[in-house]
Amino acid sequence: MDSDQEEQPNKRIKTEPKEDEIKSDIKKEETQLDEIVQSTKASIKHEEDDAGADCIATIDKIDSLKSLGPFIAARDNSQNNLYFQDLPEICKSEPCMLGVDEAGRGPVLGPMVYGIAFCPITSEQILVDLGCADSKQLTEEKRENIFNEMNIAETPRACLGWAVELISPNVISTSMLRRSKCSLNEVSMNSAIGLIQRAVEEGVNIAEVYVDTVGPPEKYQDKLKAIFPQFKITVAKKADSTYPIVSAASICAKVTRDTALKVWKFPESNELNSVKFGSGYPGDPVTKRFLTENVDMFFGFPRLVRFSWATAENALADKAMEMEFDEPDDQKPKYAGPKLTQFFKGATKTGAVQRKPCRFLKSAF
C-alpha cells in the first residue's frame, strides 16, 4: 500500500437498542424524575411549615377576628390561658361599667370561656349601636361581626375594652375530680373574680359591675361585694339579655370558645385533627359519635373531653378498662429511722422522692 494513500476509516456497525434496554432507561429516568419531584415537594412543605410556625409564634396580640384563631392555636390547650386587650386610656380616667359572662358551661367538650367587657358609663350607647345582645340569640356570623367591630372600628376601640380566660377542659376535669373537689361553680366564680381583679390591676376605673349569675344570685352578689366593696355590684339571671355591657362580655366569650374549637389541636394523635366532634354539647349526635368512637382502652379520652361529665363517664364505663388505685394505709406505723429513699437521686430533705412522670404516660398526654 502506498504511503500517501489515505487509510479507510473503520466501519462501525449501527445497531438498534433492544426493547428491554429502552424500557429500563425510561424507568430509570422516571424514577429519577419522581425523586426530584418528591424532594421538591418536601422542601416546599418544610418551608411552608416553618413559615406557618413562625407566623403562629409571633401572634401575641388579638386585634381582629382574624388574629383570634392563630393566637389561641399558639397556646397550650391543656392549661388556662388569659388575654387582656390593650386598655383604652379613657377607661383609666372616667368611671366605667364592667360586665361578666361565660360561654361553654354545659358542653362535654372544649374549654369554658369567661369574658369581661368594660367601657365608660357615658359610652353605653356605643354598645347599643354595635348590636350587643344576648350572644345565644345572635347568629354565629353576627357575633363574629360584632367582635370584629369591637377590635377594628375606631370609636369602639377608643373606649371599649375586653378580656377572656380560656379554662381548659383538662383543668375543669382535674378540679372536679381531685380529692378536695372544686365544683364547676367555684371554678366559674374564681375565673370571674380573677378577671375583675386583673381589670383593677390594669387601671380600669371601675364603678359598676354586672354579672350573669352562677347559682343563687344573692349569695354570688354577697361574695363579690365582700371582695370588691368599692364597686356597685349587680348579679342577676340572664344579665346578658338585660345589660348591654354583659352582652358584650358574652359575645367575646362565645366567639373565643367557638374559635378555640375550630383551631383545637390534638397532641395525642394527628389523626384526630381531621375528626369532626361537633358542638361539644351532650345532645349533639356528632359529639356522641366522637365520644363513642375515640375511647382509648387505657388513657380514656383526649384532653378535649371533660372527664368529669356524666356523658364521658358513661362512655368510658362501656369501653375502657377498669382500674383500681391502692389507697395509702394511714394506720401503718411510720418508721422513725433513716429512709432508704434519701439515698436516691432527687430526694428531698425529708427523704421523699421527687418523682417525674413516666415518659410513656407523659408522651401520650
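Yeah, the Cβs are placed from backbone N, Cα and C, and that goes for glycine too.
Bear in mind that the values here come from a model prediction, so they are computed numbers and not experimental data.
Annotated in TrEMBL:
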- Asp101, Glu102, Asp212: divalent metal cation binding site (BINDING)
- 8-29: compositional bias 'Basic and acidic residues' (COMPBIAS)
- 95-321: domain 'RNase H type-2' (DOMAIN)
- 1-29: region 'Disordered' (REGION)
Cβ neighbours of Glu102 (divalent metal cation binding site) where a neighbour is any other Cβ within 10 Å: 24
Sorted by sequence, non-Asp101, Glu102, Asp212 residues with Cβ within 8 Å of centre, divalent metal cation: Val100, Ala103, Tyr114, Gly115, Ala192, Val211, Ala239, Asp240, Val246, Ala249, Ser250, Ala253
Candidate with sparsest Cβ neighbourhood (10 Å radius) among Asp101, Asp212, the listed binding-site residues: Asp212
